[in-house]
Amino acid sequence: MTEDDLKRQPPPPPRCGPFASRYAIKDRHKALSTFIVIFLVLAGITAPVVWLVYCPHDSKFQDVSLVIYDLNFTSPPYMSTTMQFTVVTRNPNERVSFYYDQSSAFVTYKNQVITPPLSLPPLSHDSKSTVALFPVLGGGTVVVSFEVANGLMMDQSYGVVNLKLILTGKVRLQAGVFTGQVPLLGSSECQVDA
C-alpha cells in the first residue's frame, strides 16, 4: 500500500467517548432483541415448571356429623336453632399451606339462612394435614318465610332434613416463597338424618 492508497481509505467511524463500541447500532438492536427473546423463552419454560412443582390443590371439606340441640318454631315466622357441625378439612398439598382469615359459617335450608353467621377464629392449615372444626351455630332468632318454616317442620317430622353449611371468608395460600389469596372458602353440603 502506498501513501496515496492510505489517503483514499475512508476514515474510521467516530467514537463517542472512551467506552464507545466498534459495533454499529444495528448490531446492538439485534443483541437486545436476542436477549429479550431468550429471556421470554426461559420465563415461559420456568413458569409451568414452578406451577407443576407447587401445583396447589383445593383443600377438601367434609361434614362428619351434626348435632341439633334446639329447633324452635314457637312464633312463626321467627325460628331459633342451635346446632353443632363437625367439619373435617384436609390439605392434600405437599408444599402449600392454607391460612383461613375472617371466616364465617352459617346454615341454610332451601337457600334461606336459618342461623345467624358465626365468626370463626383464624386457622392455619399446614401441608399434608387434617384439621377438625366444631362450630356451634345458632342461638338467636332468625326470620324465615312461611314456606321454609313449614318445609323444615315437615322434613323434621319425616326424619330427614337437608341442610347446607356455608363457609365464607378469605383464604391465603403459601407455596414456598409465593403467597396468594383466594376470596371464597366454599360451601359444604350434608344431609342430616334427624
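Just so you know, glycine gets a Cβ as well, placed from its N, Cα and C.
What TrEMBL says about a protein is an automatic prediction, not a curated fact.
If you look up TrEMBL, you'll see 31-54 marked as transmembrane segment. Marked as domain 'Late embryogenesis abundant protein LEA-2 subgroup' by TrEMBL: 89-183.
Long-range contacts of the transmembrane segment (31-54) within its own chain (CB-CB distance under 8 A, at least 6 residues past either end) are made by residues 95-96, 175-176, 178. Across the domain 'Late embryogenesis abundant protein LEA-2 subgroup' (89-183), DSSP classifies residues as 13 helix, 56 strand, 26 coil. Predicted-model confidence for the domain 'Late embryogenesis abundant protein LEA-2 subgroup' (89-183) is 86, expressed as mean pLDDT.
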